[in-house]
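The structure appears below as structure tokens.
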Amino acid sequence: MEQYEKVEKIGEGTYGVVYKGKHRHTNETIALKKIRLEQEDEGVPSTAIREISLLKEMQHRNIVRLQDVVHKEKCIYLVFEYLDLDLKKHMDSSPDFKNHRIVKSFLYQILRGIAYCHSHRVLHRDLKPQNLLIDRRTNSLKLADFGLARAFGIPVRTFTHEVVTLWYRAPEILLGARHYSTPVDMWSVGCIFAEMVNQKPLFPGDSEIDELFKIFSIMGTPNEETWPGVASLPDYISTFPKWPSVDLATVVPTLDSSGLDLLSKMLRLDPSKRINARAALEHEYFKDLEVA
């Protein structure tokens, strides 16, 4: 850690404290994420080290760059490029989102980052507005924390005992699927897309069952016909209330028809029917976007 200096604590992430820091030689501002691993008596698991070293290879303009990994006895520090604004803060404070061109540009950049990660077989698993970071000067957006869930797992609570949000979690995960893949991230993107347009979360559940019911009451309760295999997922219950699906145009009323078409393809309950990131980038919703 000699080459890095902590400047101030800037937040508490899913895995530990996040500091604003400085590279002593270059003076570059960086973000230092301290990953706490108290439960590991024998130090940092080698699987985590392997996963994290793979992430250093990931380089894309829409992904927050992992610059370095510093390995201490009881913790790991991850050194990232520094960005001080996230999509949640931006949505809370900026009138920009009334302008659908901004929403479209941010959505496109999210998808571009995800397509890159998925092409390298890396999932995010915990996408939410708080880990989409924005560069104020250029309005460019970058995904943070990609691949960390695989290295460290997703805790139920953060180390400060805050509950990790369920609002963006895919139905197959909520239903206990052991094997899931890239569609889980596309579900999260759909939730974030709707939230940017509506300026409020689409499925703000406060428990796993409440989250499922919020999803089913809009998307319809799944069954073997609409989602083959759903009944054999560990947490599926045949006595779930049977909701019909609702027209998304009533749920996201200001979104145009091509936007609604894309959103509906991201929010398919059956993950095998969900659109993938590459196909989403080609969707007609983006045809009038000036791509930088």
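Every residue number used here counts from 1 along the chain in the order it is shown.
Placement of Cβ uses the backbone N, Cα and C atoms for every residue, glycine included.
Per Swiss-Prot, active site, proton acceptor is recorded for Asp126, and the stated evidence type is sequence analysis.
As annotated by Swiss-Prot, ATP binding site applies to Ile10, Gly11, Glu12, Gly13, Thr14, Tyr15, Gly16, Val17, Val18, Lys33, with the evidence given as sequence analysis. Long-range neighbours of Ile10 (ATP binding site) (same chain, six or more residues apart, CB within less than 8 Å of its CB): Val18, Tyr19, Lys20, Ala31, Asp84.
According to Swiss-Prot, the domain 'Protein kinase' annotation covers 4-286.
In this view, Thr14 (ATP binding site) is surrounded by 24 other Cβ atoms within 10 Å of its Cβ, with every protein chain counted. Following the DSSP three-state reduction, the secondary structure of Thr14 (ATP binding site) is coil. Marked as phosphothreonine by Swiss-Prot: Thr14 (among others).
The phosphotyrosine annotation in Swiss-Prot covers Tyr15, and the record cites similarity to another entry as its basis.
Residues or ranges marked as phosphothreonine in Swiss-Prot (evidence: similarity to another entry): Thr160 (among others).
Each residue in Lys34 lies on the same chain as Ile10, Gly11, Glu12, Gly13, Thr14, Tyr15, Gly16, Val17, Val18, Lys33 and has a C-beta within 8 Å of the C-beta centroid of that ATP site, without being one of the site residues. Cβ contacts within 10 Å of Val18 (ATP binding site), excluding its own Cβ and spanning all protein chains shown: 19. Residue pair Tyr15 (phosphotyrosine) / Asp126 (active site, proton acceptor) shows a Cα separation of 12 Å.
Looking only at the binding-site residues Glu12, Thr14, Gly16, the one with its C-alpha closest to Asp126 (active site, proton acceptor) is Thr14. Cβ neighbour density within 10 Å is lowest for Glu12 among the recorded positions Glu12, Asp126.
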